[in-house]
Amino acid sequence: MGRRPQLRLVKALLLLGLNPVSTSLQDQRCENLSLTSNVSGLQCNASVDLIGTCWPRSPAGQLVVRPCPAFFYGVRYNTTNNGYRECLANGSWAARVNYSECQEILNEEKKSKVHYHVAVIINYLGHCISLVALLVAFVLFLRLRSIRCLRNIIHWNLISAFILRNATWFVVQLTVSPEVHQSNVAWCRLVTAAYNYFHVTNFFWMFGEGCYLHTAIVLTYSTDRLRKWMFVCIGWGVPFPIIVAWAIGKLHYDNEKCWFGKRPGVYTDYIYQGPMILVLLINFIFLFNIVRILMTKLRASTTSETIQYRKAVKATLVLLPLLGITYMLFFVNPGEDEVSRVVFIYFNSFLESFQGFFVSVFYCFLNSEVRSAIRKRWRRWQDKHSIRARVARAMSIPTSPTRVSFHSIKQSTAV
């Protein structure tokens with residue numbers, strides 16, 4: 001594949017030998033480009049080759065580098081790669097120009113498709129692992145009633161929001177085909193709205209985590225005064241009118257392609273993206289204040305409640321940047337460089353798909369209260385079954401030596 005562009009250019013050079021591309025106008029432009037160079041001694045004069053590439057005035061014995069042509073004989077080339085030509089020691093240009101690195105955009109599109117398919121596999125794998133981990137965490141919070149305080153209820157709801165988001169992601173991937181995407185049927189728009197709603201709830205439940213910690217640590221209010229319904233309204237309630245407003249905007253201004261993507265000049269997606277960015281920034285402010293208090297006032301405190309707060313803060317410190325980084329990446333332009341684009345695609349796919357896994361690990365599997373409750377349950381189960389086993393063994397002995405001798409005595413007496 002690497003030789004194909006070079007062969008195409010060589011064939012073109014043979015054809016162009018009969019009808020040179022180089023003109024006096026091109027030569028003049030190339031000469032003007034060389035005026036800025038400060039070259040002394042033996043040198044190669046400015047020259048335009050048969051492809052149309054300008055080789056500026058250069059010192060003898062130097063390998064000169066120029067970008068590949070952008071468009072040649074109906075084929076687009078990647079201008080981030082280079083062609084090479086040697087200025088010989090005698091001050092003349094080498095007859096051969098090395099265009100071996102100049103690749104057709106078509107080949108790069110094929111490479112992009114390969115990277116896209118790998119990214120899709122990473123996405124499916126990550127969402128599967130995340131969904132399994134989230135479901136396990138959900139069941140643990142459901143079964144372990146002994147740890148059901150407000151702090152863990154907030155964790156539980158955050159995990160539920162991620163489960164629903166992961167589930168709707170699979171619905172989108174498995175049902176919205178290119179044909180459905182173009183037809184813009186009502187049900188696919190509802191699926192998109194549901195996915196975006198659960199996406200927003202993730203951020204608002206993370207905001208609930210920040211509110212709880214900020215209230216308990218920075219404002220030093222008793223958490224007994226906080227109520228579950230307040231956080232339910234924040235996490236599940238507030239995103240609903242936001243998505244309704246977004247859906248109305250899409251319906252009137254961008255009603256196409258199942259409401260995925262956006263048309264140039266239409267900014268309806270900012271109706272829900274704006275609040276997400278806002279709560280993300282507020283959470284960063286909360287975390288700054290929380291860490292400041294923990295580093296100064298609560299460092300010496302060793303109460304169990306303070307220890308739990310510290311662990312919750314550590315989890316939030318890890319998870320909030322994860323959520324923030326993945327979302328802010330959508331606003332980053334990876335540039336034209338192929339390596340940058342590939343790194344961007346893989347990095348974004350990994351973080352986006354494994355978010356749920358990280359949430360379940362930090363808020364459930366590494367939660368000391370959850371682990372302690374599981375150990376207690378396990379010990380109770382072992383004790384219960386060991387007692388049953390002892391009783392069962394005692395009851396399952398058919399005859400003991402005492403019972404045998406008594407039975408024998410009874411028989412002999414009867415005789």
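For all residues, glycine too, the Cβ spot is worked out from N, Cα and C.
Listed features, source Swiss-Prot:
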- 1-23: signal peptide (SIGNAL)
- CYS30-CYS54: disulfide bond (DISULFID)
- CYS44-CYS87: disulfide bond (DISULFID)
- CYS68-CYS102: disulfide bond (DISULFID)
- 99-108: region 'Important for peptide agonist binding' (REGION)
- 143-149: topological domain 'Cytoplasmic' (TOPO_DOM)
- CYS188-CYS258: disulfide bond (DISULFID)
- 219-225: topological domain 'Cytoplasmic' (TOPO_DOM)
- 280-290: region 'Important for antagonist binding' (REGION)
- 296-306: topological domain 'Cytoplasmic' (TOPO_DOM)
- SER301: phosphoserine (MOD_RES)
- 369-415: topological domain 'Cytoplasmic' (TOPO_DOM)
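Proximity of distant same-chain residues to the topological domain 'Cytoplasmic' (143-149), defined by a Cβ-Cβ separation under 8 Å and at least 6 residues beyond the stretch ends, is recorded for 369-370, 373-374, 376-377. Cα-Cα distance from CYS87 (disulfide bond) to CYS54 (disulfide bond): 13 Å (rounded to the nearest whole number). Cβ environment of CYS258 (disulfide bond): VAL176, VAL180, HIS181, ASN184, VAL185, CYS188, ARG189, VAL191, THR192 lie under 8 Å away, each six or more residues apart in the same chain.
The Cβ of CYS54 has fewer other Cβ atoms within 10 Å than any other of the disulfide-bonded residues CYS54, CYS87, CYS188. Shown in sequence order, TYR77, ASN78, THR79, ASN81, ASN82, GLY83, TYR99, GLU101, CYS102, GLN103 are the residues of the chain, 6+ apart in sequence, with a C-beta less than 8 angstroms from the C-beta of CYS68 (disulfide bond).
Straight-line distance linking the Cα atoms of CYS30 (disulfide bond) and CYS44 (disulfide bond), rounded to a whole number, equals 13 Å. For the topological domain 'Cytoplasmic' (143-149), the model gives a mean pLDDT of 86. Figure note: comparing Cβ neighbours within 10 Å for the disulfide-bonded residues CYS30, CYS44, the maximum is reached by CYS44.
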